[in-house]
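Trainee: Annotations for this protein, taken from TrEMBL, read as follows:
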| type | residues | note |
| --- | --- | --- |
| TRANSMEM | 21-38 | transmembrane segment |
| TRANSMEM | 58-79 | transmembrane segment |
| TRANSMEM | 91-111 | transmembrane segment |
| TRANSMEM | 123-147 | transmembrane segment |
| TRANSMEM | 159-182 | transmembrane segment |
| TRANSMEM | 219-238 | transmembrane segment |
| TRANSMEM | 293-311 | transmembrane segment |
| TRANSMEM | 331-353 | transmembrane segment |
| TRANSMEM | 358-381 | transmembrane segment |
| TRANSMEM | 393-419 | transmembrane segment |
| TRANSMEM | 426-449 | transmembrane segment |
Amino acid sequence: MFCFMTFFIFYFQKHTSNMSLLTHLLVCLFGMGSWVSINGLWVELPLMVPQIPEGWYLPSYLSVLIQMANVGPLFVTLMHRFRPGALNEAAVIYVIIGLGTVASFLLGFFWKETVVVAGVPRSVALLVLTFFLAAVDCTSSVTFLPFMMRLKTQYLTTYYIGEGVSGLLPAFVALIQGVGVVHCMNSTQSLNHTLNSSNSSVTFDLQAQYQPANFSAEVFFFFLSAMMLVCLVAFLLLNYHPSVAREHPSGQYTNGVKKKSQRNRMWAEQKPMMDPYRSAIQKRRSSFGTGSYSWTQVFYIFVILAWANALTNVVLPSVQSYSCLPYGNNAYHLSATMAAVANPLACFIAMFFPIRSLLLMGVLTVIGSGVGAYIMGMAVLSPCPLLADETSGGVIIVLAWILFVLTLSYVKVIIGVILRDEGHSALVWCGAVVQLGSLLGAVTMFPVVSVYSYFLSGDPCNTKCP
């Protein structure tokens, strides 16, 4: 993480003269707070599950809670649609970041506490706090992105890098913590034992045992709370630091930073930002944004956006363990970690090659979807996928996860850059479609994985494949 940030700072120090290095760093930290809480909760599941009554049903409950939390982005989207300019965007962001900080902090104290509901112990505190975290992260999709309208276009890619780090950083911390590391231990079992006979047969078997964590889940949740606090400080500085004010599109801010920022927000709500390279006499192709794209192209962009987010946020992550664990615990952890690295890497590539071609967008989506189909196929074949007993099988599945995340993450960044130029409302709809895609993915995968148990997981120590 520190090496990444050092390279990040070095790059901008050397190659950018008209953009603020501090602003880039603050935008990255601001974007990091978008999904860090929920991403952190997911990677901590192997440590939490053995200690709570819900067991491995918890991921299913989390999926439902996250989709229920879409009431937040729905409210914000409706406000922008029917009462544009009435919602104080900065105030909403302050509230949700503060709520995320407090909820993460409280999880450190209450995640193991249970309450008897209908005669059965339930982790009520964990589920309630998770709902608040999900509401925070879901609402960030329709508030953080539109806030980036206040800064120059170049900073949007930096925001996406920060959003990628929100998945990478918890994954690295979980690796240091030692979450989910399994050791196969010898165990003996007595069979055919009767009361009046001493005859019995003893079998030797391997039993999977999780390695104790290097530090507790409580410490991990306090770490997540600290990350949300860092995001809050970054947002404060983005609003009030003088060097950041100079990075607004108008470029002319004096002491009345806040007043002009609010006026620009109202203007951006009503009128999209015009591209200075676009001819003034160019005919509008639709009433969407600046009119650069026809309604068919707008529909095409939003369909790809929903599809990419459904695959990367819900559909494939819900079967990652089924697709990777048959190849070994190392393949599973390596695929999860490298996929988390691929996300910010794709955003970094977009800095050098921000290609806005709709054709390339479609080609990359097809490639990413094809690789995703291979991953899904291996999950369906679990616990005995192709090349399960070969080293090449593990290498292929890890590379597949990297390519899948890399291609579709690049597509999402380019769509964000395109919609950024179409105005504030376009970014609001961008966030709404992101959540819609995730919702459709969850509605599809929840019954398949959790209700009908279509996917089968093998024993990491005893599964034998033909």
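Yeah, the Cβs are placed from backbone N, Cα and C, and that goes for glycine too.
Keep in mind the model is a prediction, meaning the values are calculated, not measured.
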Trainee: Let me check one thing: do the transmembrane segment (58-79) and the transmembrane segment (123-147) come into contact, meaning three or more Cβ pairs under 8 Å with sequence separation of at least 6?
Mentor: yes
Trainee: Are there three or more C-beta pairs under 8 angstroms joining the transmembrane segment (219-238) and the transmembrane segment (293-311), sequence spacing 6 or more?
Mentor: no
Trainee: May I ask which of the stretches 21-38, 91-111, 219-238, 393-419, 426-449 has the most CB pairs under 8 A with the transmembrane segment (159-182)?
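Mentor: Comparing 21-38, 91-111, 219-238, 393-419, 426-449: 21-38 has the most Cβ pairs near the transmembrane segment (159-182).
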Trainee: With a Cβ cut-off under 8 Å, give me the same-chain residues at least six positions beyond the ends of the transmembrane segment (393-419) that come close to it.
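Mentor: Result: 145, 153, 156-157, 160, 164, 289, 301, 304-305, 308-309, 311-312, 316, 320, 323-324, 327-328, 330-331, 334-336, 338-339, 341-343, 345-347, 349-350, 354-356, 361, 364-365, 367-368, 371-372, 374-375, 378, 385-387, 426-427, 429-430.
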Trainee: Find the member of 21-38, 91-111, 123-147, 219-238, 358-381 that has more C-beta pairs under 8 Å to the transmembrane segment (426-449) than any other listed stretch.
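Mentor: Looking only at 21-38, 91-111, 123-147, 219-238, 358-381, the most contacts with the transmembrane segment (426-449) come from 123-147.
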